[in-house]
Amino acid sequence: MTERKIKVETLTRVEGEGGLYVRLQGEQVEEVRLEIYEPPRLFEALLRGRPLEDAPDITARICGICPVAYQMSSVHAMEMALGVEITPEIRRLRRLLYCGEWIESHGLHMHLLHAPDFLGFESGLAMAKQFPDEVNRGLRLKKHGNQLVDLLGGRAIHPVNVCVGGFYRIPSRNEFQKLVPDFEWGLNAAIETTRWVAGFEYPELESDCEFVSLSHPDEYPMNEGVMQTSSGDQIEISNYRDEFQEQQVPHSTALHAIRKTTGRPYLLGPLSRVNLNRDRLSPAARKLADEIAFEPECRNPHRAIIARGLELVHSYEEALQILRDEHSTKEPRMTYEYQAGVGMSATEAPRGTLFHRYEIDTEGKIVEADIIPPTSQNQAQIEVDLKAWVGQVIEKEESQAARLCENLVRAYDPCISCSTHFLNVTIERS
Amino acid sequence: MCKPRLAVFKFASCDGCQLSLLDAEDHLLAVADAVEIVYFPEATSHMEEGPYDIALVEGSITTPHDAERIQQIRKDARFLMTIGACATAGGIQALRNWADKDEFMQAVYATPEYIQVLETSTPIAEHVQVDFELRGCPINQYQLIEVIRSLLAGQTPRTPRHSVCLDCKRRGTVCVTVAQGTACLGPVTQSGCHALCPSYNRGCYGCFGPALQANLVSLSAQMEREGASKAEIAHKLKNFNAYAPAFRTESTRLVQLEGDQRR
């Protein structure tokens, strides 16, 4: 039997640096590796000994695309350790900030990173010549997300306005309302975008993964809830570390995340969130999901771009509601006294659940930090799905098969800088 | 005439600085038109080998492999510009430069021996000659566009080196230190953020690194008079630009002084 290898040296249109390695023996897929060679930056180690107030600023630097998720998970965890109760107004504004990040990240991923795969272009920029309206719309949607994070967070990349207890300053009602006309346009454009991507041609692929996401009784999950799984389990955040476990697998030196109870990988992200919380999407997003006949439990990872579109619509609708609101926020932030303790929190980054846990001492210093980013948790599931997918594209010529594999990896919107916690080292086998 | 060939490279970093280019929505298509983007993995699957006219480099050098990779990029690039605090000053990950790297690795990885990393996280300029350094964590996208524009026009790029304080005055932001006693690195930090943090009611935390002629010793003394301990001030300097010479020297001095006092 002949041995074949499919290699993608550098994954493109993803955040961070990684590669892909597939080994075939005849028609058999012997090995699939998502290789992450992003250098480790050792955040958990360098956080130790620093003031707890540094956590939102420093952990934001783990990722330039989803800094809000890092800031939100860290402030919630610190507040739990300190016993701080935030006001409903601060909570709403945190959701608004999160909407900004979802709009920015989903807008970018859908138009500039993922859509080119379906339309046969090497980039969004190259796509602009033939699809100028769509690319310009994407840039404008992304800009809205940035504008919102800019206003409430101070700047779009590594916002400065988030702190333990709330915000340093709350923008005026007038500043919020200035965004309303743009966001009204954006809501319609997001609906158009979702209809557009729903019309793409999707390859068949069934993932048998377990879907996992935060879930909240009355709202679409973003910054609070329990971990809901498609097999019906509900897991309190305080049990996160017991239920989701990093494990070493025989074929790789990388740590992979699995469910402890089943020993199997799981999937986080927009597909999981929509599958598990569809009834809590905003009215326009729910109506749209029905209109485009989005499956009640979509198992095709290629179609995650549609789930992303539904979340884009949701984010616009929820953001508009908050932007139009009368803001009566007298207290931008809650005060606190230092006390030793442990705090943890999970929030929904655009690409999946992000877990933080901190131990702090009586002087407000970080003793231990633990961060589990979504991409490292998705890594094992991506490999499982790739294995199935390789079986389908095995007939294709080498470079085309490699391209099709890369397309699938992009469907998960992996955030590799975040995931270096789980650095993968290749060992060649003959 | 051939368009200048632009390449974007990443080392240890968060991707935020190269994202600034994609975030320049209003200018992005114009930039893409003015240059030929021949290597930019975050944005395009189209990849060409060098030589490059302009190489933008994000991230710091933290692995033996990356220490080699930057040498080749230097050979391939006519004009090499670092973008951001990681590439220019070693980034937040340079905090390992004061620590035991092996202990750091053990704290994060179950099997640290599988992963090769250097003892230090260092700026690009410690490895190869750099033609221009664009500061910031993250960089300012308008500065990036302006620097690319001036390169295309054959001009030497410039960015202001004055301190954040001047920008606060221009904006009409009331000084957070004078009015509220908030510790602020504005007097010693380079302009570039439009004096952002004070306008959000907090002290500057030094994203753009030391300003030209920053007087760190004087600022530390002032912060101490206002009640901050040497250790607290050192923590403020040991941030995203911790390894930038002026910040590095002063935080080391403070830590040493504190040690002497304890003895």
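Every residue, even glycine, has its Cβ placed from backbone N, Cα and C.
Bear in mind that TrEMBL entries carry predicted annotations, made automatically and left uncurated.
In the three-state DSSP scheme, A:Glu44 (Mg(2+) binding site) falls into the helix class. Per TrEMBL, the feature Mg(2+) binding site maps to A:Glu44, A:Ile371, A:His421.
The annotation Ni(2+) binding site is assigned in TrEMBL to A:Cys63, A:Cys66, A:Cys415. Secondary structure at A:Cys415 (Ni(2+) binding site), as computed by DSSP, is strand.
Residues annotated as Fe cation binding site in TrEMBL: A:Cys66, A:Cys418. Other C-beta atoms found within 10 angstroms of the C-beta of A:Cys66 (Ni(2+) binding site) number 29, with every protein chain shown included.
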* To do: Using DSSP with the three-state reduction, classify A:Ile371 (Mg(2+) binding site) as helix, strand or coil.
  => strand
* If H, G and I count as helix, E and B as strand, and all else as coil, what does DSSP give for A:Cys63 (Ni(2+) binding site)? -> coil
* Near the Cβ of A:Glu44 (Mg(2+) binding site), how many other Cβ atoms are there if near means within 10 Å? -> 21
* Structure fact -> Cβ under 8 Å from chain B, restricted to the binding-site residues A:Glu44, A:Cys63, A:Cys66, A:Ile371, picks out A:Glu44, A:Cys63
* **C-beta crowding around A:Cys63 (Ni(2+) binding site), within 10 angstroms** => 30
* Whole-number Å distance between the CA of A:Ile371 (Mg(2+) binding site) and the CA of A:Cys63 (Ni(2+) binding site)? -> 13
